[in-house]
Amino acid sequence: MPRVSAEILDISHTGGNESPTLGELLKDFNDSGRKKYPGENAPTQHILDLAPAAETRSVPFLLSFNNLSYNVVLRRRFDFSRRKTASVKTLLDDITGEARDGEILAVLGGSGAGKSTLIDALAGRVAEDSLKGTVTLNGEKVLQSRLLKVISAYVMQDDLLFPMLTVKETLMFASEFRLPRSLPKSKKMERVETLIDQLGLRNAADTVIGDEGHRGVSGGERRRVSIGIDIIHDPILLFLDEPTSGLDSTNAFMVVQVLKRIAQSGSVVIMSIHQPSARIIGLLDRLIILSHGKSVFNGSPVSLPSFFSSFGRPIPEKENITEFALDVIRELEGSSEGTRDLVEFNEKWQQNQTARATTQSRVSLKEAIAASVSRGKLVSGSSGANPISMETVSSYANPPLAETFILAKRYIKNWIRTPELIGMRIGTVMVTGLLLATVYWRLDNTPRGAQERMGFFAFGMSTMFYCCADNIPVFIQERYIFLRETTHNAYRTSSYVISHALVSLPQLLALSIAFAATTFWTVGLSGGLESFFYYCLIIYAAFWSGSSIVTFISGLIPNVMMSYMVTIAYLSYCLLLGGFYINRDRIPLYWIWFHYISLLKYPYEAVLINEFDDPSRCFVKGVQVFDGTLLAEVSHVMKVKLLDTLSGSLGTKITESTCLRTGPDLLMQQGITQLSKWDCLWITLAWGLFFRILFYLSLLFGSKNKRT
């Protein structure tokens with residue numbers, strides 16, 4: 001056993017933010033017995049070898065859990081009665097067991113038995129104050145420590161991946177997120193290549209993941225890629241929630257074969273599984289069968305026949321032992337007594353079993369981890385630096401700037417491989433622009449032309465926001481990837497939000513130029529290049545704020561239909577109270593507050609000011625004052641006579657060429673007098689920044705990945 005500093009593994013909750021990762025920490029040991037790889041020089045990378053482990057293993061890890069209980073309070077929704085009744089549901093009831101390195105512990109049971117809940121409890125995904133009982137690794141409590149995130153991995157049931165990245169690229173990005181920055185890129189690539197072979201993905205290495213519209217890898221390969229992402233750092237503890245779900249028997253068996261090799265490399269593998277085949281049962285080392293949160297069997301699959309035989313329900317020959325067991329449990333659950341007798345029998349049977357004989361020495365956690373790293377676990381880089389205490393272990397492998405760059409690079413690479421989506425977005429905006437251009441073709445400087453300009457601006461600015469709603473399903477899909485990756489601190493939430501905002505800017509700029517170029521001159525807007533430049537800027541700002549509000553809503557409400565409903569409703573209210581349908585002066589006092597938080601108000605007022613702020617432009621001359629009134633249909637001669645009559649009454653000579661209303665007069669009539677066009681631009685940009693901050697907070701506090 002290598003000598004380990006006593007300071008190495010203090011698993012307290014303290015620590016600095018910019019300190020090395022665990023892989024950089026655990027490097028003060030004798031590494032001479034480790035397998036060397038071609039061209040390997042210090043600093044070195046420890047590469048996981050998934051070949052079958054030797055029979056004698058000198059570094060055991062023992063994950064023990066005792067008397068785990070977890071209850072949730074069920075409150076009735078929309079209960080307006082005075083009686084505030086709440087029922088308590090038990091999800092886990094006094095569960096005890098253990099899992100060892102080199103073995104696969106499988107948790108079985110029917111739907112609602114508590115399989116996923118037990119996996120979550122062992123993986124630290126249940127709030128500490130809600131879970132009763134203890135979980136220890138080699139006798140030390142690590143459930144809520146930062147150490148658990150460093151030495152463990154959790155593979156979710158969903159296989160959501162970026163569809164246009166290849167298998168190799170997906171794993172390479174995972175290595176950039178999870179492996180130490182000090183590790184050379186060549187070593188990270190070597191780790192990825194090794195993992196591809198170990199997962200049996202060599203033939204699919206350069207194949208894109210794929211989705212509904214793009215052919216990609218098979219379901220089994222996709223599941224193995226998901227596992228590979230989470231084991232890129234070669235964790236000691238590996239938790240999987242139904243890794244064989246949705247796979248055929250062959251692919252399911254191949255996945256469990258991979259998990260068996262991972263276990264034999266020195267990992268503790270714990271997974272839930274619904275109904276394993278006979279071949280899969282042969283790969284499992286220990287079973288825990290649950291029924292309504294209670295343990296009805298805990299032991300080796302080999303002992304399952306004798307267990308049920310002793311219970312009085314012998315398993316017939318050539319019968320799948322777990323299928324039979326689950327059928328018996330399902331039958332008992334439907335009886336009046338339930339599984340009470342089986343639970344009590346299991347408790348007595350456990351007490352009568354002799355303790356497992358083992359030649360493995362019980363060692364402390366710090367010694368076990370240090371020796372495990374020396375054998376190649378926890379992929380890391382070594383340098384000649386002095387040993388660093390566990391108190392300085394960093395939660396993240398990269399600084400924020402590096403995380404932002406990696407996230408942006410991955411997003412852009414996936415995005416540029418979907419030219420049809422890029423073209424569709426730009427095409428939609430251009431078609432909308434061309435439609436508006438033909439409807440509002442070359443508007444003149446008449447009262448009708450002024451009114452039609454306002455209609456064009458109202459519809460055009462609202463289009464900017466509604467076009468952003470297509471981002472809702474895209475982000476909701478990405479949200480699950482974000483949750484999985486941030487569960488074990490692949491990157492900071494702030495880095496994700498910043499990169500998400502930055503990569504959207506070029507897209508929004510292209511959309512802004514496309515819309516501005518197709519409408520500015522065709523509609524007949526004034527002001528020349530300077531006015532066109534500002535027109536592009538305010539459209540860009542409108543797209544930015546629209547994209548931000550949509551991103552925030554989709555981060556807050558992870559349901560596509562509900563997000564659409566909230567977004568459309570909010571934008572409709574913004575349009576109603578933004579100043580086009582009703583002037584600010586006529587909005588009721590109890591709704592005036594919404595006028596000022598309307599996202600549409602500021603870009604709408606900005607383009608109006610940009611168009612009408614020139615006092616030399618006249619929009620109502622002489623007889624045009626009668627347009628839109630009952631006198632509009634009278635003869636021109638009569639209108640001139642009416643002007644003469646008005647001149648006498650007002651004491652001012654009004655002729656056919658007299659300007660009666662300029663652009664600023666129209667702005668005043670619309671109640672647009674409080675802000676300049678540049679104020680409107682900055683406020684629109686600030687709204688976008690505000691909603692990005694809310695998006696960050698919604699992810700930070702709403703994506704804890706823990707049961708309460």
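Using the three backbone atoms N, Cα and C, a Cβ is placed for every residue, glycine included.
For reference, Swiss-Prot has these:
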- 75-317: domain 'ABC transporter' (DOMAIN)
- Gly109, Gly110, Ser111, Gly112, Ala113, Gly114, Lys115, Ser116: ATP binding site (BINDING)
- 402-612: domain 'ABC transmembrane type-2' (DOMAIN)
- 421-441: transmembrane segment (TRANSMEM)
- 456-476: transmembrane segment (TRANSMEM)
- 508-528: transmembrane segment (TRANSMEM)
- 537-557: transmembrane segment (TRANSMEM)
- 560-580: transmembrane segment (TRANSMEM)
- 589-609: transmembrane segment (TRANSMEM)
- 681-701: transmembrane segment (TRANSMEM)
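The structure, with features from Swiss-Prot marked on it.
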residue : record           : Cβ neighbours (10 Å)
Gly109  : ATP binding site : 28
Gly110  : ATP binding site : 18
Ser111  : ATP binding site : 6
Gly112  : ATP binding site : 14
Ala113  : ATP binding site : 24
Gly114  : ATP binding site : 27
Lys115  : ATP binding site : 23
Ser116  : ATP binding site : 19
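What surrounds the ATP site, by Cβ distance within 8 Å of the Cβ centroid and not counting Gly109, Gly110, Ser111, Gly112, Ala113, Gly114, Lys115, Ser116, is the set Thr117, Ser272, Leu290 from the same chain. Lys115 (ATP binding site) falls within a helix when secondary structure is assigned with DSSP. Taking every listed stretch (421-441, 508-528, 537-557, 560-580, 589-609) in turn, the largest tally of C-beta pairs under 8 A with the transmembrane segment (456-476) is reached by 537-557. Here the domain 'ABC transporter' (75-317) has a mean pLDDT of 88 out of 100. Most Cβ pairs within less than 8 Å of the transmembrane segment (589-609), among stretches 421-441, 508-528, 537-557, 560-580, 681-701, belong to 560-580. Taking Cβ pairs closer than 8 Å, the transmembrane segment (508-528) reaches residues 425-426, 429-430, 432-434, 436-438, 440-444, 453, 456, 460, 463-464, 467, 534-536, 539-540, 543-544, 547, 610-611, 614, 617 in its own chain, all 6 or more past its ends.
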